[in-house]
Amino acid sequence: MSLPTTNNNTSPSEEAHQQQQAIDAKHLEHIAIHNPRRILFLYGSQTGCAQDVAENAAREARRMHFSATVSAMDDYDRSLLIREHFVVFIASTTGQGEEPDNMKKFWKFLLRKSHPSDALDHMEYTVLGLGDSSYIKFNWPAKKLYKRLMQLGAMPFYEPAYADDQHYLGVDGTLGPWLTGLWKVALEKYPIPPPLKIIPENVIFKNSFSLVFDPKEIIDPTNNNNTHNKQQEPLDFNQEPNSYLATLLTNKRITHEKHNQDVRHIELLVKDPVFPGYHPGDVLTMRPRNLTKDVDEFLEYNGWTSIADEPLTIVENLSDHQLPKHIPHRQTIRSLLTNHLNVFMTPRTSFFQLLIHFTPNEDEKDKLREFISPAGQDDLYTYSHRVKRTIFEVLADFKDVKIPLDYMLDVFPIIMPRSFSIASAPLASVQEQSQTAVTARVNGEAVVQQVATSNGTVATGNADGELQWKIDLCIAIVHYKTKLWRWRTGVCTKWLKSLHAADELFEEATDKKEPSEFWIRIQRGTLKLPKDPSVPLICIGPGTGVAPMRSFLHHRIYAQGATQNVLFFGCRKRERDYHYREEWEQLESEGRLKVFAACSRDQEDKVYVQHLIEQQSALVWNYLHDQKGVILLSGSSNRMPADVTRALERVVAKEGKMGVEEAHAYLGKVEKEGRFQQECWA
């Protein structure tokens with residue numbers, strides 16, 4: 001049975017021809033697929049955790065002489081899926097039960113109605129989900145995937161598992177026992193052929209990549225003069241698809257200097273002529289970098305300073321493990337550690353498993369083996385996760401560990417993109433800039449002109465009519481003291497805080513520095529505005545959860561002229577962390593917004609947004625029920641979403657004169673209609 005993978009507009013004959021071409025081109029690969037001891041690991045990963053689990057499981061499978069292949073779901077050639085017979089799917093969760101970015105295309109493909117019910121009847125599979133039970137849609141991608149594969153005829157060979165980040169051991173609390181059972185079942189189905197035996201754990205695995213240092217100049221044998229030709233210079237980044245260069249305009253603190261948290265208002269300018277723009281509620285992603293002083297310290301500790309800037313080429317050793325596309329093959333050690341490898345995060349369990357191979361010290365080996373054993377999970381949690389030790393700090397504790405350069409990309413995780421809700425709407429950004437003239441110049445260009453775009457939004461233009469876009473973000477700097485009494489700042493926010501903004505340089509009247517630039521990508525957010533601007537909108541956004549609400553409200557007020565808008569905002573103190581207070585009060589005075597701010601520490605009894613929602617029950621019920629309005633909720637996923645949901649249920653029960661169960665069912669119906677939407681994060 002076949003799974004069509006081509007465009008719906010392709011004719012049947014063209015489709016058959018394309019499928020045959022794919023089969024011919026991958027003949028040798030198909031032979032390998034027929035290996036009965038082949039096991040395929042397909043992952044969907046947003047932060048790198050699911051990828052790490054898949055790669056570590058594949059290493060274990062190879063010790064048992066399985067032919068193991070690892071791939072992100074969207075990178076896998078779907079035309080080969082009908083030939084796979086033994087597959088392990090590993091899926092994490094992002095947003096409110098959404099699929100990770102590198103799983104979305106694969107999932108849409110599986111959902112095609114044209115697939116017959118026996119399309120995958122040759123396949124045996126299992127699914128591991130990685131999620132967080134503090135979210136309502138806990139492990140939804142994995143659960144939906146498990147069900148859909150069964151609908152397509154695939155047969156589970158092992159029970160699924162849904163790991164919970166809320167477990168006191170994190171996902172490892174589920175992962176370890178699940179993998180133990182998985183290997184037991186796999187070896188029963190496909191025993192190791194004699195005389196082979198399981199490769200001992202003390203035998204080091206093959207490195208996925210080699211770092212080959214080469215001179216900047218080489219002799220060109222085709223040149224009669226034997227002159228030297230330069231190799232390609234090392235690069236920091238390869239531009240990723242749909243990424244655009246942004247210039248930092250503003251990077252200012254908007255919380256009071258005495259407030260315990262630094263929250264930043266950030267403004268970016270995108271001048272790329274092919275930038276498609278953005279919509280209210282969209283999400284911006286960026287890849288942070290490690291700071292120079294931190295990288296220098298890491299290089300010095302490992303003894304790599306003298307070779308840090310020597311050009312090298314990264315060579316791939318395994319056909320199923322390719323270098324991520326954004327990492328250039330021509331590199332330096334310094335660039336790898338600055339731009340791509342995260343040595344300042346808390347390590348996962350797999351890191352400790354790998355370290356065993358790189359220390360000659362038997363005491364260190366014993367301690368590492370204890371950490372990764374089932375009995376040592378509590379000790380590992382206490383040592384690493386509970387106190388937020390970084391990879392660098394672990395290496396400093398295990399002093400005899402020496403990581404070979406060829407294993408850097410196996411041992412150290414990749415810096416993953418960070419996502420932030422956009423806090424502006426294109427039209428509002430234009431009006432703001434037109435009203436305030438120019439507070440900063442980028443390469444001498446002023447941002448003042450309004451320009452209509454093809455998607456109906458409005459961007460800015462410079463004096464030459466070039467299209468430009470301004471994007472606002474509202475970001476909290478992650479800065480805290482660990483249980484080791486060490487101050488820690490998040491990798492991304494530490495980097496953002498260090499960047500140079502154009503307005504800052506303009507005020508300093510310095511030409512010695514240029515505004516910081518970096519690559520960004522735009523993704524559609526999960527929250528959606530009502531299509532009709534006359535439909536009332538209730539926004540609930542405590543803390544930095546106000547970012548997407550600002551985007552939506554700017555669009556409705558400035559672009560659509562909507563006036564039935566309500567904002568419930570939450571903070572600690574009105575005078576210290578009431579984000580965009582003057583802006584909200586101005587809009588309220590103009591009759592275009594109703595604002596209710598819960599400042600929890602301004603009175604003896606703490607007041608949160610859920611309390612104000614209940615106080616305004618008549619207004620909420622009128623907007624929600626009588627006028628069929630929409631409620632949008634954004635912010636921390638800790639207790640807030642559940643508390644707000646219960647408050648809304650009490651409002652429904654009170655104003656609608658319903659019982660508890662009836663009110664719960666009513667709100668569930670509203671959510672299914674898309675009139676109660678949530679976008680929260682841990």
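Note that Cβ sites are derived from N, Cα and C of the backbone, with glycine treated the same way.
Taken from TrEMBL, the feature FMN binding site covers 92-95, 130-139, Asp165. When other Cβ atoms within 10 Å of the Cβ of Thr94 (FMN binding site) are tallied across all protein chains shown, the result is 21.
TrEMBL lists Arg418, Ser419, Phe420, Ser421, Gly490, Val491, Cys492, Thr493, Trp681 with the feature FAD binding site.
With a 10 A radius on its CB, Thr544 (NADP(+) binding site) counts 23 other CB atoms from all the protein chains. The NADP(+) binding site feature in TrEMBL is assigned to Thr544, Ser600, Arg601, Lys606, Val607, Tyr608, Val609, Gln610, Asp643.
As annotated by TrEMBL, compositional bias 'Polar residues' applies to 1-22.
Mean pLDDT across the domain 'Flavodoxin-like' (39-183) comes to 92 in this model. The domain 'Flavodoxin-like' annotation in TrEMBL covers 39-183.
Look at TrEMBL and you will find 241-530 tagged as domain 'FAD-binding FR-type'.
The region 'Disordered' annotation in TrEMBL covers 1-23.
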Please tell me which one of the binding-site residues listed here (Ser92, Ser134, Arg601, Val607, Val609) sits closest to Arg418 (FAD binding site), measuring Cα to Cα? Ser92
From Phe420, Thr544, Arg601, Val607, Val609, Trp681 (binding-site residues), the ones whose CA sits within 10 A of Thr94 (FMN binding site) are Trp681
When you rank Asp132, Ile136, Phe420, Cys492, Trp681 by Cα distance to Asp643 (NADP(+) binding site), which of the binding-site residues ends up on top as the closest? Ile136
In sequence order, which residues at least six apart in the same chain have a CB under 8 Å from the CB of Cys492 (FAD binding site)? Met286, Pro288, Arg418, Val478
Cα-to-Cα gap, Thr544 (NADP(+) binding site) vs Phe420 (FAD binding site), nearest whole Å: 10
Given Phe420 (FAD binding site) and Asp165 (FMN binding site), what distance in Å do their CA atoms have, once rounded to a whole number? 21
Using only the residues recorded as binding NADP(+) (Thr544, Ser600, Arg601, Lys606, Val607, Tyr608, Val609, Gln610, Asp643), report the maximum Cα-Cα distance in Å, whole number please. 19
Neighbour count first, Cβ atoms within 10 Å, every protein chain included; then name which of Leu130, Ile136, Val607, Val609 tops the list of binding-site residues. Leu130
